[in-house]
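Here is the structure we will look at.
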Amino acid sequence: MSSLTREQEAVVNHPIGQHAKILAVAGSGKTSTLVYRIKNLVLEKHVNPNCIQVLMFNTLARKQFNERMLEASIPPTLQPKVDTFHSYAYGFVQYLIASGQFPSNWEFWTDDQEEKARFNLHKAIASLEKKRIIPADSVDEDEAYQAIQLWKGSLIPPPSAGYKDNRFMQPIYEVYEKKRMDAHALTYDDFIPIVVNYLERSQELLQKYAGNLQHLIVDEYQDVNYGQQRLIELLAGKTADVMVVGDDDQTIYEWRGARPNYIIREFESVFNNKPFVEYTLPHSFRFGAVIAQCAHNSIFFNTNRVQKNLISHNIKKQANIFLFEQSIEPDANKELTNQVITLVKNKGVSPSSIIVLCRMFAQLNGIESEFMTRKIPYRVVGQKPFFERREIKVLLDYARLATAYYSPITEKTKTQFLNVANTPNRMLARRDLEQLMNAGLNQNNSLAAMLDRFVNDLSSPLNEKQRERVLELMSALEKANKKVSHASTVTADVILSELAVAIEYSAHFDNYYGKGEISFDRKESILNFIDYAKETGLFIAAFLAHVEKLDTTRGAPEDQQIVMTTIFRTKGLEYEYVVIPNCNEGYMPCLYATGNRVFDKTGKIQEPAPSASIENERRLFYVAITRAKEAVYIGAGITRKDSPLQKSSRFIDEIQCEPTIKVMTALQQTASGNQAAQSDLLSQITRFGGMKGLMKNLLAHYLVALGDQSLIGKVASVISSSKEIPFSYRFAYASPTGNNSVKSLSNLHTAWDDIGE
């Protein structure tokens, strides 16, 4: 207890008989706080651990929580039950089966059996396509699978299911559910709806699971969806003290059903049968004052939030934010890469301590290219490397087909053609395409000859519209083949770019995914890949061979690889160093975010309204920079003249990096006993005293922690006489920011001493 802050101790000693909401900033030690709360309940208040239920969001958090209880000397016999929402619901379903209240012959499509659920969805879509209820190849299976998960998370059955901008999703859900029920199968997404349904209908079950519950503790409350919220309400009933902990500023999963309003304002109105206390844990143990204040500066711009401060617990801790804004995007990526190499080779930092974070995967393409050029081992988590993504492989297959257009068809040609024939969707039957390719193989004919026969043969199965589309395909391949024949003068990027235009690849993504985030991500991926091809300077044959040999890991072990992934995958985690490439408008914030499209057509399910898109995007940026313990490196630059990403992110302005670094650095030097630093601190405050948000935290928290009353008086006097400096975005927002120079680092031509060569 001696290591806890005053705010943490208040939570630990929260009175019995009252509800509690704890707002815990990033790195605030909420796990320790909850563990000591439980220790207080079972050892000092003598609460029966069987009357306490802890709910968490993932298995790793649950495992760590159980370990921390042992470290806190809570005897195993006095430890309460700690579950994830899914494990709790799974145990409930197992009880239903064991007690004969649910059939025992149902199978679980979970863990390694989840592919069965995916195959069930595939069959549902195929059956609807066969009946011509939905057009062939008109639905993305991943999008449909996510929609079904969201509907179930919101307790919306198929008859009530609505989906914005795609009328085909609801019939897919309906057929999917029928096939699942016919197969007597359950997925993880079915467990909570089953539990809620049984608890609502059975007073006996409600008494068994909630009747003796005295304390319900919920972690990461900002991430709950409607189904989880309903489960919490049922378990709490009229008896349990409910304690929830979370941070509305870290609500980044709205696209999968989470709503910040549950923690911002609805908790106290829903759980209104007892007195309620709100606590705040404002001190972060993770990073120093610069990162803390910059993150606070940014999130302060959100209006739908609980106003709270983010303060570094250790004033002296050195942690910084480095900005690299360049006139062109490759230069920013080069500088970020230089910084990574310096950390590993010159400062001895483990590559596993560095994370590269993005809002969407297309944001990584430029720095991936730079990493490969500099021989830095890396891996992308949650997506394939940019050159292996589906949209890239299709474009490459078009190029391969163009190269071999007049050559005899091979098995490779057949595979490549079947991969691209309906991308964009030409409504061509796969059976007909396979027959065409097999005939070409047997007759040793070229793709050009077989396609000509396909459109001109009287027995061809094509209708007029299909025939037009095949002719367009032939024209694109013929033109590309002519370019290939001039291989000594036409580089790969020209051929790839013209192919993308000829097949109307950009329009295909808009038609297939709608004009939103997914489509934007795919289109940016294509443009970035063409840029990469241009950088290599290779002609098409050499470039295709080059791509075949690409290996991001370079044979290095995992602990020698840099991880790249999305911000969504790292909440709750921390790293020594965070790198954010391409921090431009369009990527961060994503100007094409589509969010959660599911809804209840009947209006029976009343979920809180989602946040404004820009506020959700700002929370993502906030989460990204608060993953770092030592430093954040942010790059931004103009990508292409034809790109909408023409300026640095507004979030770079909002963190107010320069004044924050100057003031906080002077503060840290003062805290270290440097007498000369105090005059520098006063000088910086004189300069930036009109920045009221920065000055408020400085005066109310950091200087108070120093305990120098004389200094507090001097600073207060300077601030009070300072004219307020209103915040404004840079006027140059609409044009490149090209005057920022960054010192180049020398002797960095390879990484990790050419590991993997």
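The count begins at 1 with the first shown residue.
Using the three backbone atoms N, Cα and C, a Cβ is placed for every residue, glycine included.
If you look up TrEMBL, you'll see ALA24, VAL25, ALA26, GLY27, SER28, GLY29, LYS30, THR31 marked as ATP binding site. Under the heading domain 'UvrD-like helicase ATP-binding', TrEMBL lists 3-288. The domain 'UvrD-like helicase C-terminal' annotation in TrEMBL covers 289-572.
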- request: Could you check the binding-site residues ALA24, VAL25, ALA26 and say which one's CB has the most other CB atoms within 10 Å?
  value: ALA24
- request: Note the Cβ centroid of ALA24, VAL25, ALA26, GLY27, SER28, GLY29, LYS30, THR31, the recorded ATP site, then list each other residue of that chain whose Cβ lies within 8 Å of it, in sequence.
  value: THR33, ASP247, LEU281, SER284, PHE285, ARG286
Query: Relative to the Cβ position of GLY27 (ATP binding site), how many further Cβ atoms are located within 10 Å?
result: 22
Message: What are the sequence-distant neighbours of THR31 (ATP binding site), meaning same chain, six or more residues apart, C-beta distance under 8 angstroms?
response: ALA61, GLN64, PHE65, ARG68, ASP219
Message: I want to verify one value. Collapsing DSSP to three states, which class is ALA24 (ATP binding site)?
response: strand
Field: Mean of the pLDDT scores, which run from 0 to 100, over the domain 'UvrD-like helicase C-terminal' (289-572)
entry: 91
Task: Have a look around GLY29 (ATP binding site) and count the other CB atoms within 10 A of its CB, chains all included.
output: 22
Field: Nonlocal residues around SER28 (ATP binding site), in sequence order (Cβ under 8 Å, 6 or more apart)
entry: LEU281, PRO282, HIS283, SER284, PHE285
